């Protein structure tokens, strides 16, 4: 997971490194071409100096002004080298060493040439040497402006290219390395990969140090919803009690009869039955109908067997049942 999160940054850094490496390779090629051109010019000058020395040896005369001539030539060559872009000696140490080596060889040859016998140093040879010196000065002064213009033009182009290209932060990190002699591309790539790995480790450590915030996911919410539905389903639902005022089956049937109109026909057909009437009850009816009867007669009761009884008060709230004779009864 961590590698997938870091991939975009790594790709950007690799692209930047690729661009920087391409720019460095082009710059190195240009510098190599310039160095090759300078070396060719220096070799041509050395050949010319050697040819001049041979010509002078053939002429057979070297004046005392010869050391001064060699110093003038060395000074001119140094000026040309400075015009060609060798102002910063820290970046180009090799040509300087070659230059000092050439001077050492020239100085080493000077005493050998000066130690020649004085007999050969006649006026004619001195005159010829002066003429030859003037010719050589003219021949060296003629290509100087062109070389100076070419060197200055190359230096200006080099500066313009550096100004147009905006330095990237990774290139700024390698300024110390650029001040030193150019290293091989493999070492450059190794250093850059190390710096990339360090930056990746720093970013990973920063991400790990940050605390993860509690985020409610969809699964947690769904679980809460299911729990709520289960708890609501477990609660018993209140059963609806039937209303007390509902009519019974008999009332409902009579209602339907009234609606259909069958109640009147049924009431007309029904007649009151007298089967439940007892014979003893009729005697009570006759007793109640009699007016002005005695209290005793009110207490007499008849039974279905035909015997009559009466209740006689024996005490406070007490009565006794006494059989009544038929003769004594009114």
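Cβ atoms are placed via backbone N, Cα and C, with glycine included.
Pulled from Swiss-Prot:
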type: COMPBIAS; residues: 1-20; note: compositional bias 'Basic and acidic residues'
type: REGION; residues: 1-246; note: region 'Disordered'
type: COMPBIAS; residues: 37-62; note: compositional bias 'Basic and acidic residues'
type: COMPBIAS; residues: 66-77; note: compositional bias 'Polar residues'
type: MOD_RES; residues: 77; note: phosphoserine
type: MOD_RES; residues: 78; note: phosphoserine
type: COMPBIAS; residues: 113-135; note: compositional bias 'Basic and acidic residues'
type: MOD_RES; residues: 166; note: phosphothreonine
type: MOD_RES; residues: 168; note: phosphoserine
type: MOD_RES; residues: 179; note: phosphoserine
type: MOD_RES; residues: 180; note: phosphoserine
type: MOD_RES; residues: 184; note: phosphoserine
type: COMPBIAS; residues: 206-215; note: compositional bias 'Polar residues'
type: COMPBIAS; residues: 223-242; note: compositional bias 'Polar residues'
type: MOD_RES; residues: 243; note: phosphoserine
type: REGION; residues: 281-302; note: region 'Disordered'
type: COMPBIAS; residues: 291-302; note: compositional bias 'Low complexity'
type: MOD_RES; residues: 318; note: N6-acetyllysine
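When secondary structure is read from DSSP and collapsed to three states, residue 318 (N6-acetyllysine) falls in the strand class. Helix, strand and coil counts from DSSP across the compositional bias 'Basic and acidic residues' (37-62) read 23 helix, 0 strand, 3 coil.
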